[in-house]
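Asks: Once you've had a glance at the structure underneath, I'll fire off some questions.
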Amino acid sequence: MPRIMIKGGVWRNTEDEILKAAVMKYGKNQWSRIASLLHRKSAKQCKARWYEWLDPSIKKTEWSREEEEKLLHLAKLMPTQWRTIAPIIGRTAAQCLEHYEFLLDKAAQRDNEEETTDDPRKLKPGEIDPNPETKPARPDPIDMDEDELEMLSEARARLANTQGKKAKRKAREKQLEEARRLAALQKRRELRAAGIEIQKKRKKKRGVDYNAEIPFEKKPALGFYDTSEENYQTLDADFRKLRQQDLDGELRSEKEGRDRKKDKQHLKRKKESDLPSAILQTSGVSEFTKKRSKLVLPAPQISDAELQEVVKVGQASEIARQTAEESGITNSASSTLLSEYNVTNNSIALRTPRTPASQDRILQEAQNLMALTNVDTPLKGGLNTPLHESDFSGVTPQRQVVQTPNTVLSTPFRTPSHGSEGLTPRSGTTPKPVINSTPGRTPLRDKLNINPEDGMADYSDPSYVKQMERESREHLRLGLLGLPAPKNDFEIVLPENAEKELEEREIDDTYIEDAADVDARKQAIRDAERVKEMKRMHKAVQKDLPRPSEVNETILRPLNVEPPLTDLQKSEELIKKEMITMLHYDLLHHPYEPSGNKKGKTVGFGTNNAEHIAYLEHNPYEKFSKEELKKAQDVLVQEMEVVKQGMSHGELSSEAYNQVWEECYSQVLYLPGQSRYTRANLASKKDRIESLEKRLEINRGHMTTEAKRAAKMEKKMKILLGGYQSRAMGLMKQLNDLWDQIEQAYLELRTFEELKKHEDSAIPRRLECLKEDVQRQQEREKELQHRYADLLLEKETLKAKF
């Protein structure tokens, strides 16, 4: 009898590796081909193994408390729908079902008071795992069976074969074609060398014959060209860098060896300098050192300034009360206004409200699900199954947020209202004489009625509320009438220790300033210094205006010329010299960085620093104070006014200024090839074309930037106004529909009106016709009646005869 092979069983490590490699090669659709590599597994088992265990997206970590609560909640809402529950939790369906049964068994053990540390779902000796695809793989034995070795070698050979029969045949045909072409080429060359010319028969190819033609060939125009600018650099080949090890690069083994050597040297130096830390590092003790976690404190609910204000108010009221007692004022109004609120109940201040006891929600939900699973049929009757408090408000369970009670913000002498009992039971309180009310505290002194007793008030009754308002108004009126006459004999006296406190605050050095405040103050000082330094710079640097990359020193005139320079020319030369010095200084200390340079590198600057330094050594740059710069600016303003009055210059309008600016700007031309500006009348046609191309490119860049900005703004406005647009379109559609309905109704109205006119004119004619028909019918009926009577009489006569 042949041996029957039943596929399945525990998965081994070898089978897992073969399955992963096969999925990488064949994909996740050809499970039959993948299963042909594994002799003991079917295609369905391979697919289940991949989607239940080997898929890298499967989460195999410990279940968190939130996931367990969500699992039990969803199992309560959607029983047995594990394929629907699994993606919500982020686990597989088998994991959800297994952990759900684990929680139920754990709850059952707790109900039976059988606390065991073992997993209740663990297989017992002799049991067979019904779902081996969801369990870890069994390690491979050292001496594997021949069947497993044969399966492994076959899978290795099949998976290593990345080229099938068709690919090998194509490669062989391509190689034969290349050999045939080379042989024909050699034959034609030999015949041509022997003086025999053979015309090659070309087959018409659809594409380009790259063996006979030059693709994208552009033949130069006929004529002579100047080749003086075509300077070719001679190839200086360095044959020492053409060795095999230089071409291959550094080997990985050499790099690892060098790194190991560096680590040994570093460890040796560390042992020589810091022996204890090196011993800890080598012994591995440092792995067990636990880093202390950061202390997280809640934000203060009352600031220091508010506490100081409270203290000041308390001191002022205490001083006023003591002054009133010393002066002998004992009337009821003053005693009420100056009531003492300092003494607090220490037992209340020392009591900490307790937080509500937390409950094991997971255990409660598991017990509820077990109870619902084991419910008898409702046909038997009886009481419902007792359940814990459950939640059906949403897909995810509600989380109970535990908050620390705030004892700071409560009023010290607050009389508890109805239902305002705290979490901790209070001692020394008298219960209220109200039925079904929470016992409240004994009311403390409250002469100003700040905290009225509202435990017995029924604010839902409007008549009661109006009665309370009338009583409070009357009580206030009587109190105001009973006030004594005012006396303007008050004087303001500062406390004796106020000045001492101010001095102690100034002298107190024990206060440690916060590091963030220190950094902020230092940053503010640095910003102020930077602003000051910026104000001392030149206007071109302050406004980040374009500055020349090279200084043109040829603008200076020679001093020994004939005829000699005039005083005005000498002054102009001094101004030019100072300008050149300023340019050298700015190029050295504040090089210009164009805004279009996104990499943050200076283009064309920094290479002539030695030249700038040498010039500044011979012509030192002189720094001026703020006052000197202000005086120079005033002198320039005065000179401008003198020139303006002397040359009769008036106020230019914006149109005239723009016209002059456009005329001046049109005379200047930028040469991108030479990176400089020149006059437009001195430039050649080629330079003008290049300048216009550069300007066109810049304008296109601006246009692209503005288009992106406009698209971004359009997208933003679409997000902001999309609802309004859709609403407007809907209203327009409704308006059009209503207009169509109005037109249709108007047409129907006109139609029925015309129909009514025709009916009104046709009704009399119809009535006449009907009347005539009725009259004819009546006459016909009379004639027939007479004939009937005659025939009846004739019948009777004939009967009488016979």
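The count begins at 1 with the first shown residue.
The backbone N, Cα and C atoms fix where each Cβ goes, glycine too.
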Asks: Which of these ranges is annotated coiled coil in Swiss-Prot: 312-337, 442-467, 676-701?
Replies: 676-701
Asks: Using a 10 Å cut-off, grab the number of neighbouring Cβ atoms around the Cβ of S303 (phosphoserine), all chains included.
Replies: 9
Asks: Which one is it: of the modified residues T227, T385, which Cβ has the fewest other Cβ atoms within 10 Å in this structure?
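Replies: Counting other Cβ atoms within 10 Å of each of the modified residues T227, T385, the minimum falls on T227.
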Asks: Between the Cα atoms of T227 (phosphothreonine) and S303 (phosphoserine), what distance do you get, rounded to the nearest Å?
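Replies: Rounded to a whole number, the Cα-Cα distance is 84 Å.
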